[in-house]
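Asks: According to Swiss-Prot, the protein has these features:
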TRANSMEM  24-44  transmembrane segment
TRANSMEM  48-68  transmembrane segment
TRANSMEM  96-116  transmembrane segment
TRANSMEM  118-138  transmembrane segment
TRANSMEM  146-166  transmembrane segment
TRANSMEM  172-192  transmembrane segment
TRANSMEM  224-244  transmembrane segment
TRANSMEM  245-265  transmembrane segment
TRANSMEM  268-288  transmembrane segment
Amino acid sequence: MRTEYAARLPVDWRDYVELCKPRVVLLMLLTVIVGMYLAAPGWVSLRLIAFTLLGIGLCAGSAAAINHLVDRHIDSIMARTKKRPVAYGRVSVKQALWFAVIIGLMGLSLLILFVNQLTALLTFVTLIGYAGVYTGYLKRATSQNIVIGGLAGAAPPLLGWTAVTGQLDPQALLLVLIIFTWTPPHFWALAIYRYKEYQDAEIPMLPVTHGIQFTKLNIYLYTVLLLVVSLLPFVVSMSGWIYLLGALVLGIRFLVWAHKLYFTDKPVVAMQTFRFSILYLMLLFVFLLVDHYF
């Protein structure tokens, strides 16, 4: 009854903002900016930055809105997501779909007209990968959903790079590899904390299918791997000592959280690990940017 009543209420503009998952998109756009500046020997045109961020941001918002739409039944079961606009009934399925299509087309148009076709194509593939392949299939099909689907979420720095150069580059793929390796421990920590909700929603996250302790072990192993991968920019002379120091400090700190999580039964530690993983990625890319210019 509550959902039916909510559906009759006027839609607030903030509901549409929420559909775009702004906090997730902002973190993603940070990696886009870093990708752009790392690709440039000097400074990047503010005009190019503006159109790139706006275009990719709109497409990311479109993918997020489709995620809200497809996952509305799952979201209504989970405490963390039950009050999302579509799940709660504040935004109808039709409204969410039209919103996603419109801003997605706007974003792609901006990229084609003012950035370059390669970036537009890669952004479109990323949108389909996240909204279609991951949300529409992988999330419900396999416990490795975020490992496979994480490739779409790891693409933003590559998009920023191609926006500047108009071509693919091995160094840009290294940035993708960092985020790709970061994704499993990030999401699995949340999945441990929200274990019961994922179980009730019948989503085959790793803690649900293989147990919490097995998931903790995988978080530990992936965090070790992430520490190694994060040092590769220095190894290939893509970055210098400032980045190396930052990557080591952040990586060791992340490993401390993974170690603590492995040896405790307190759910709050899983959430603390999840939150630190966000800070880790943000600061790691800031170190990349600072190191590039200093």
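Cβ atoms here come from the backbone N, Cα and C positions, even for glycine.
Walk me through where these features lie, including what they touch and how far apart they are.
Replies: Through the fold, the transmembrane segment (96-116) approaches residues 16, 19-20, 47-48, 51-52, 54-63, 65-66, 68-69, 85-86, 123-124, 127, 131, 162-163, 166 of its own chain, all at least 6 residues removed from its boundaries and within a Cβ separation under 8 Å.
Distant neighbours of the transmembrane segment (146-166): 28-29, 31-36, 38-40, 44, 48, 52, 56, 60, 111, 115-116, 118-119, 122-123, 126, 129-130, 133-134, 138-139, 172-173, 175-180, 183-184, 187-188, 205, 285; these residues of the same chain sit at least 6 beyond its ends, with a Cβ under 8 Å from one of its Cβ atoms.
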Asks: Can you find at least 3 Cβ pairs under 8 Å between the transmembrane segment (172-192) and the transmembrane segment (48-68), where each pair is 6 or more residues apart in sequence?
Replies: no
